Amino acid sequence: GLILLFYLVFYGFLAALFTFTMWVMLQTLSSDIPKYRDRISSPGLMISPKPDTALEFYFNKSDAQSYAEYVSTLRKFLESYDDSKQSQNINCTPGRIFDQNDVAVKKACRFNLSELGQCSGKEDKTFGYSRGTPCVLVKVNRIIGLKPEGEPRIQCTPKEEGMAEINYFPPEGLIDLMYFPYYGKRLHAHYLQPLVAVQLAINSNSTKEEITIECKILGSPNLKNEDDRDKFLGRIAFKIQMTE
Amino acid sequence: IQEDHKLSTLELEEKYGTSINKGLSSARAAEILARDGPNALSPPKATPEIVKFLKQMVGGFSILLWIGAVCSWISSGIQIAQGAESPFDNLYLGVVLALVVILTGIFAYYQEAKSTNIMASFSKMIPQQALVIRDAEKKELPAEQLVVGDIVEIKGGDRIPADIRLIVTQGCKVDNSSLTGESEPQSRSCDFTHENPLETKNIAFYSTTCVEGTATGVVINTGDRTVIGRIASLASGVGNEKTPIAIEIEHFVYLVAGVAVSIGVLFFIISVSMRYKILDSIIFLIGIIVANVPEGLLATVTVSLSLTAKRMAKKNCLVKNLEAVETLGSTSIICSDKTGTLTQNRMTVAHLWFDNQIYSADTSEDQTTQPFDQTSPSWTALSKIVTLCNRAEFSPGQENLPIMKRVVVGDASETALLKFSEVILGNVMDIRARNKKVAEIPFNSTNKFQLSIHETDDPDDKRFLLVMKGAPERILERCSTIMINGKEEPLDSEKAEAFQTAYMELGGLGERVLGFCHLYLPENDFPDTYPFDTDSMNFPTSNLCFVGLLSMIDPPRSTVPDAVSKCRSAGIKVIMVTGDHPITAKAIAKSVGIISATSETVEDIAKRLNIPVEQVNRGEATAAVVNGMELKDMSSEQLDEILCNHSEIVFARTSPQQKLIIVEGCQRQGAVVAVTGDGVNDSPALKKADIGIAMGIAGSDAAKNAADMVLLDDNFASIVTGVEEGRLIFDNLKKTIAYTLTKNIAELCPFLIYIIASIPLPIGTITILFIDLGTDIIPSVALAYEKAESDIMNRRPRNKRKDRLVNEQLAIYSYLQIGIMQSVGAFVTYFTVYAEQGFLPSTLLGVRVDWESNAINDFEDSYGQQWTKYQRNYLQWTGYTAFFVSITIQQVADLIIRKTRRNSIFQQGLFRNKVIWVGIFSQIGIALILTYGLGHVTALNFTPLRFQYWFVAVPFAVLIWVYDEVRKLFIRRYPGSWWDKNMYY
């Protein structure tokens, strides 16, 4: 009995102590930006849709069921880019870092879906999958305070040349500097990260083959894309296999 | 049964195909040698090295770690088959685990081999030579080549090279102490005197020594077939019991392994039922096992034991088996030999009686003068007899040695007398030269006296002086006068009565008494040309003048009484087991305190109350002197009763076989028994004992082989210092284990919480190994240097059933209190690191699957930032490092609190044990190197850490210290309370 009581008190005390120290620690943190950001100095790249089974796309262009999931994922992902959701967003000056350090409420720049052209889902509800020209959106990971230098753009290449033609939206895969920097979830609630759509036109003789596409961020000296260990830092590779 | 002692010389020659004069032919001898093998004891069968090595590989926790390694390989195999991205992590972990087992195994094997080597050097003997007649020629041969039928010659000083039937002897005496334990030389002749080959006088036994005289004999047994060889092989038949510390460590390993396996299985079930994949569950299982097993502990224990063994070796206790270090500490009964161990092993004059008065002599080891009154003229006369009537002589070339250390040619009593007179009178040889000996009759058993006639050094006195010594009653018979204060007075009945009383009194002290008398031969009847003839005895041997008595004893070593009383206060019962006469044994027992001054035996009580022994209430007697003859007729129940009811026991006149019975009796009482011994015949008892202690100087090789420990100085007092060391190491091992076990919880909790709350893994398996085998090793060894908290020689020996090395309190206090506190501290650091990088604690809960997914490279933190897998991994390793650093910091506090179990750290002194500080600095140093030096080696999972994270756990470290001080304070304040019972380990 006494033993139980002792441990009740003992662990109660420890729990209280733990809670207290955690509380003290959390008090020292800002709710706007993390104390340190040295572990993510350069952003990673990611794509949408993201298949469950690693980064591999398998679909049959004549079978709507085989790509339905990709389409719905894209649709869902682009919902927040819908014009109706972007009413508070402002039009920023293209090509320039949009610095808002002095402003209390950070504005988000508008990203027009139309920039994604054929991959916007407006004309082609299947994002090209039904036509054998599937769209994949490439996005740059959000990092608070990141200001890319130069003219960052996304460039994708099939591993074996000539297996697919690649189209970029916006043209040349440019990422506009006005979307940077990001100020964090709390201050920058409506922030939309810039997207680059990559449309693949698979050569008819390369169907049924697995094509590896490698995308990289280029044109910006402070965005790394060749880290030995991190295969997603400023780059991404995915596979795609289309049947008819 | 051998009949050789009954055979005549001719029959012997016939039986062994030999000839007394010519011996064997070399060819025949070679044949027999090929048949029988060399004349040497076959060494005890050694365990093959590879078996020893493999035992280290599977002993202790190794099995668990092997399981972990195999699990790792299996899961990595599955991963490879599934084509996962990093299947080699587990393969690599399995290799590391296997390496850990193999390296600790090699280490333990090396340690054991090192301590065995010390002993191996011991058993190397100088090859013995024997003088053999072969091909009708005398040859010196190595004793190993002797065969049955060889004719050998031996002389005083030789070791008997085999069992020999004597056929020619001349004043031959042998010392059978290595066989029987009795050091009194026994005479040997060619006569068949006893049915029993062991008792008959015409057989000399292998490994005994010939003290004086010469003999020739036929070899009748060689090697293992000798009497000694048979006893030695008997000893190897006595099984080796597990040492108490081995039992304790086994118990501890079971406990920890039990905890590891049950937690592992429990969480395996939990994780399976939480829908984790089987593969993941297996990986969790490995983590839990690795976290739970103190990988470095067994190596630490070995090192601590060998450190103590080294310390003991400096104090003259050479430990053969490392574990015996602790056994000595838990000893509750010491069965000690008398001769040589408790005593100095040399006869020394203890008392004198002249002028109707008993004088005591100094019997200490390094006497240079004698304090008793030497003014009486009677003493002058007595000293002259003592000096002259003595055939013993110092071996030449020892003038610079202290008298007591010089080597003497002569028997024990004469040696004692020679040294005694040398101490008092100075140059004895010179005195003898000035008082030239003209005739002499040596001592023989029929006369029981020794006589010599001298010229005197007084130039005015032309008379011859006849001096005589011998058995007091025989000497007195030959006297008509007695010297009192230098004057000859008639020996009337009153004076004879006084002599009787003195004789009885000295005899009652267990001393060997000699009487001395003299006579100045009248000048007229014995002119200086008188032809003395010892055969016809043409001189008076009666009506002499009695001068005095001298009594001798083998006195106790001066350090022994103190050591015995230390044993007594340490709750250790000292039992004397000796082949000597009960009276001598009892006297020595009393003088060293084995029988204390106030206690009485049944016989003493009977004598005091003047009633027959049978009427004495046996409960009143605390002491007992048991005769070997009585012991022979006792049932084991009766022996148990004696061992139980008497606190002070002396076994006298015991045979070596009875020593074994006594040891077994003590063990039946549940005691941990230490036995000392030197003879071959002691080896079964030494083996049977929980710790056998052989004498380094007097001990035979067989005894040293059977023993666990060798006393280099043969001194009982060294055993006591050994006991002290043994007790200290037990206490310190407790501290080491408590220290080591604590952090296991801090290593285990992360896994459990990781499984249950699905947070990113707080500490990796490899990191755990770096704590267990890196930072923690030196500090835990440092605890072996800790001084005792109180006088450990004032408490009773530990009860081997109750006082466990790792008891419930120790495990609970380490696991459930300090360990949990450490975990809390480490988790605070962990959460701090994550929160300051963007992952608030609330975000971390339940993220495991996504966090660990290789496909998710835009994992969002609490601030909306997105992380790639590798970026998360790197953060996770920073978490590992932070957790590791926190455990290390708190282990410093743990190390400091473990210095004491009861006393405050301030009582113990923070700086008395300098090695602790070496431990602390090494711990922090290793952590710094791992973090900042090796922080860039990916495989090790360490990353450079912001400096402030080193201090997050410091308040918790302080808390641990304060809490433990409070615990100790309450234990000291309220002994016996609920707190004391639950918190003292």
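The backbone N, Cα and C atoms fix where each Cβ goes, and this holds for glycine too.
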Matching range for TrEMBL feature annotation, transmembrane segment, among B:736-755, B:916-935: B:916-935
Leading stretch by Cβ pairs under 8 Å, where the reference is the transmembrane segment (B:916-935) and the options are B:57-78, B:252-270, B:810-833, B:877-896, B:947-963: B:877-896
Interface check, the transmembrane segment (B:90-110) with the transmembrane segment (B:282-307), three or more C-beta pairs under 8 A: yes
Tertiary contacts of the transmembrane segment (B:810-833) (same chain, 6+ residues out, Cβ under 8 Å): 255, 259, 734, 737-738, 741-746, 749-750, 753, 762-763, 841, 844, 875, 878-879, 882-883, 885-887, 889-891, 894, 897, 949, 952-953, 955-957, 959-960, 963-964, 982-983, 985
Segment-level pLDDT (mean, integer) for the domain 'Cation-transporting P-type ATPase N-terminal' (B:3-77): 84
